[in-house]
Ligand SMILES: Nc1ncnc2c1ncn2[C@@H]1O[C@H](COP(=O)(O)OP(=O)(O)OP(=O)(O)O)[C@@H](O)[C@H]1O
Ligand SMILES: Nc1ncnc2c1ncn2[C@@H]1O[C@H](COP(=O)(O)OP(=O)(O)OP(=O)(O)O)[C@@H](O)[C@H]1O
Ligand SMILES: [Mg+2]
Ligand SMILES: [Mg+2]
């Protein structure tokens, strides 16, 4: 059986753990198969969980979150027969498949949409805990905005510096209001549970918001411009489907691979005009073809479009 | 900084300070009666959960509020039984309450709603809406004062007005009524109350019950006023900040208003200016985030001086050892 | 004269309290539709049933010993140090800076250096609240709470902007050099030919924690400094009368407290993760408060309470890992244990005292 | 408040009757089957050693403790005293040994606490203000109703306690060791008030350790020993010696004998000492004196006239923020007045021992065991240490021996200080300080609240130390004590030394005038025979201090 390990946020984190969970559920429903799942309780457990799962014969073992990288590096060689899949980090071992998402590309797209939807030409970004991953989101977004609207203003806030920053909808709402008061009329939240407060505050103030990770358009139909989806669910689904025959090696899932994108559904079809859709698809093509190069924050820890 | 920005920052400060103020006043009643309470966080959290849960199910924020108070009171009762009836360590009881709330809210949330501890989002009537005070819209055009009235004073949830009204009320209860006199006495010297023929136990339980109610309001405001539902651990340390504000205020109601406002204001400023560009260097966002805490320490060291807690605080009242 | 024999107070009361806590926990488990018996079995076997479980239990215990001792030492000077969390975080920073500074040839050299770093950084983080309390009367409870938040921000800044290796997206330092690898207990056991606790994080720091217990005990009850700390904690006017400087003792006690909290980093940062991650402390600083209070601020009590919490942590972790019981249940169980053994202990003690008194009267008659 | 008319007044029945009262605290039996009566309109004294059970018995009567068994009759009616409110309603008022006042409340607030009329304070306060004025006039019980308790002297605090009882219209007033904290003048004033109350038909129960007071004011007296009531007699039919013997169970010397002093070289030379506290109030003014080896230098004075500051300054721990000038020489060497080398540890190292005025908050750590306390302040001494560590065995051994020599009971070095009675706590302090054999011993209020047996013992030891050629500075508000022990007497008033007298050449009257701030020159104006009014004595220093500040 395959296995899935969620990182510390837990499987209902409204973010990518939850997306991974959804992928696994989909696989179960479609194949009728079963899988093991674990939620991390503490840092020290990572190794324990990996080894125990490997010893019980689970294969492949999928884990979400860069925090597993270091541990997997050590554990993987001890279980050459087992395949591991790590999402959001690169581990160079023969039996490991590393899946990275080009969050900057998806964020770039929603940035373009935000710039087009914005009347004030001021848009906002609200991150959760201030970590590089979230900066990657913010940076891609800012580039997209600037690409579309070179003199647009981008307001960016991080919620905090402790894990509490992922679960503070009150502060999320307050940051949103602060950005609204500075003119923002589209706000992109990459902040886990805090994002719920962001989307709520935006809906209350009748401005647009952008969800993240999974499709959050349904949370406030007609008020969420779109969501930057990161198809962790697909990655998990594919890994589970491939089973023990999984191909290892590093893989970056960007726009081209359908790993990231923007969500369009009944809830936001009135918000995304034909013009916007044409434009964003065009930009998407340009990114895929390399015509537009989206700067990767990780490459040099700087962002050309936004300062943190 | 223009006028509109100032109004916006103050407006934000008011919203951010309200839960702190309610929790701070809650702690004030409890600690003035001689029962130290580091369980404010837990009670708020429990109240946030139960109010959101009931409001989600019934669609009525008022029922939610009642449930919030109920949830917080249940924990207050535990605190009372442990620290008054059984003369246990008040601090330990508070720590236990924080853990209890943190676990139980998610456990119950998961059991009832299956959303990993969240409650369903509240919509429309399910939340406490913003109240527009009379004439707010007509007066908005009056320069300065009109703006202040319309944009700063008007337009908050009912619980904000309740919280502000509670400040003079608390002052009045504490310093102008029999109950307040006895409450203060029991926190300073319970034997004086006992020898006057008044029950120390009853007074302290009453104080703790009020503390429960106010924490209930605080939690309900977080979950059904400021946000639209419960998210695990959503109090995010506000109980501890409220406790700090209480000490800061030296256990006085008007000073509590001031100290919680200060915390709210500092946070609002940090929100508004996530990274301060100071010409040569840009203050990184992490430090802007920590700014409220750094400033608190500086103010505390520079201007506040020694805060003397109620003399009998922290000690169970024991006649016979 | 005591109302009941000391053994009853030290053993019987906590035992009955613990049983009560477990009974209520069982009810909670029943209420969420699971089997308490299975839960207990999972916890006990998971935490104590194998050398593997012990390896984890003792690892967590080690963390809690340090933070518990930190709270206890300050408490003896009647200082309520809520800042263990921040001090341990900054202690971790100290460890990381030292471990990464040099290509350490051997852990025997790296360990003392890292310990100094951990203790110094932790102590430094406690110093400002201490001096503000001593000189300005700023309430230590507030300042230490604030310093927890400030520490988190500082660590966040260091890991995201300064110490993160180029290209890594993980807000963590690079891995420490191999020479800074601390012997795991399993490796030490293997050296004498025993297979014990393979792949568990418990390491040599556990013994350092035990030594710390003994040293703290000596400090508090056998040295002049400890005597002065306790005297100041009980009565400041008396301390002045006896020529004990409140400022000096307040600062020293907090430095020791912060140093102990900082030393926790040897275990989790150097011993386990071998790099510094953002969330390294994981609330151990706060659990230290419960551990110290439950252990009655006595090093031996702290050791026992730390073991209990280590067991709960590991057993609970196992529970959440391998059963469908949500992990928050452990938090509830922890809460109940703290409540019954720490705050409701008199509920058990009072009837016990009455029983013993009656027994004694009978014995006399 | 109660309505007097409701109380049945059967002329023949006693005001109070206790039948078979027993009470244990855990294993300790504080009261054993006690029965006794107090006749209406009398002053009834209760005496007994520390820990005999007096306070417990009265607390039971007042409903503060619940008796294990027994019956209480008030005015002949059985009364089920479940709490203090029942007692208050039955007309019982009590002034506790340790006052039950709220320190940061005003006098008025303390008075109305528990008997407010109605839910709002304002009317109650207004009414109490009126009643207070009336009571003050009636009994000369003047206190400022708006002063907070912590600002008041102990004597005034006691007045507040009495006013509390009177405000509750108490008919039966219990006073537990009321004079322990009072100056002679204050005590005299109190007794005049009590006489007045008695004249009004009120019943008074008075607990005291001072036989002189018993003889002076009571009609009947009961003696308690080890939880039992061993005798109840008419005061006129007994004598101090007989009472002392009943109390202690053996003969006691009521006045210690001492030989004339043989003063030698000066040990302590104090010159022009000035001290202003952190609020700028001048507490010591130009204080100069010498103490020689082999003599006891007594300082008399109403408390609050700078004695405390003098002792603390000499002991090395003046209040934080004080400004100090002048000079102190010890054995010919100058002592630092400020800085790190002016602390208590340094003073001890110079050979200054100190029995502090307040044993409970300064002299002892109440939660420490007796043995730990026996090294307190000297814990750096070589004999208590070995290397890095304290030598606990040596300290315990030493404590055990001190307990033998000073007859400290119970003789258990491992018992916490708080579990000893006041007298024995004091002996622990005295033993510690005297046995260090200091060149100079500072002694503050050595026998406050201590019973007769212990007083005798402590006095003897102080004199022995003197005879061993040591210098002793004795500060006491008990004139009797000063007169009995001192070889020279100085009187302090408002931070000044008003004059020096030899005990053989002065009288209580003369000292009393000096204590009131009346100097030799003014003395001719003061009318002979009329002692200074107590209130005046008490309030003068405050006013002057305030004026200076
Ligand atoms: N609150 C209490 N708890 C436990 N034991 C007590 C308490 N109060 C008094 N006792 C015990 O009761 C005995 C009688 O104490 P009590 O205070 O009545 O004596 P006392 O005659 O008033 O002494 P003193 O002259 O020192 O005031 C003491 O020996 C003590 O052991
Ligand atoms: N709360 C208490 N717990 C235990 N013992 C007590 C308590 N209160 C009083 N005692 C006991 O009562 C006895 C007398 O104590 P009490 O407090 O009356 O003495 P005191 O008033 O300090 O002495 P003194 O009358 O000399 O001032 C002591 O033996 C002490 O052990
Ligand atoms: Mg006494
Ligand atoms: Mg007494």
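Going from the start of the chain as shown, residues are counted 1 onward.
Keep in mind that glycine also has a Cβ here, set from the backbone N, Cα and C atoms.
Remember, TrEMBL labels are computer predictions, not curated facts.
For the ranges C:170-191, C:302-323, the feature annotated in TrEMBL as transmembrane segment maps to C:302-323. At the 8 Å Cβ cutoff, the transmembrane segment (C:240-264) and the transmembrane segment (C:110-128) share at least 3 close pairs (sequence separation 6 or more) and count as touching. Stretch with the largest number of CB pairs closer than 8 A to the transmembrane segment (C:302-323), among C:52-75, C:87-104, C:110-128, C:140-160, C:329-348: C:52-75.
Using a cut-off of 8 Å between Cβ atoms, the transmembrane segment (C:276-295) and the transmembrane segment (C:110-128) share fewer than three residue pairs, counting only pairs 6 or more apart in sequence. Contact between the transmembrane segment (C:201-220) and the transmembrane segment (C:12-32) is not supported: fewer than 3 Cβ pairs lie under 8 Å, counting only residues 6 or more apart in sequence.
For the transmembrane segment (C:110-128), the residues of the chain that approach it from at least six positions outside its boundaries are 70, 81, 83, 86-88, 90-95, 97-99, 104, 143-144, 147, 151, 179-180, 182, 204, 208, 251, 254-266, 270, judged by C-beta separation under 8 angstroms.
Contact check: the transmembrane segment (C:12-32) against the transmembrane segment (C:140-160) gives fewer than three Cβ pairs closer than 8 Å, residues 6 or more apart, which falls short of the contact criterion.
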